[in-house]
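According to TrEMBL, the protein has these features:
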| type | residues | note |
| --- | --- | --- |
| DOMAIN | 1-79 | domain 'DUF7848' |
């Protein structure tokens, strides 16, 4: 039989994931009139904005869009959380 520790209450912190290779955000837009979608773009909304303007220029009645923004989060143990010590690199 093994002994397990149960943590009934522990503090955690939620933050944006800024790890290597993780984009700050991913942007895309969808025309609500016809369903056409822009390409998804990392870190910069301007190409999606330009796409929406061009789409309306080609289709003057298509003026409503849904913007989707994907953000990346991470959860880490806060000070005092027993898991914090478990995640520390060995020296």
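Backbone N, Cα and C atoms are what each Cβ position is placed from, and that goes for glycine too.
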Query raised in the report: For the domain 'DUF7848' (1-79), what is the mean per-residue pLDDT, to the nearest integer?
Result: 92
Query raised in the report: Residue counts in helix (H, G, I), strand (E, B) and coil for the domain 'DUF7848' (1-79), per DSSP?
Result: 13 helix, 25 strand, 41 coil
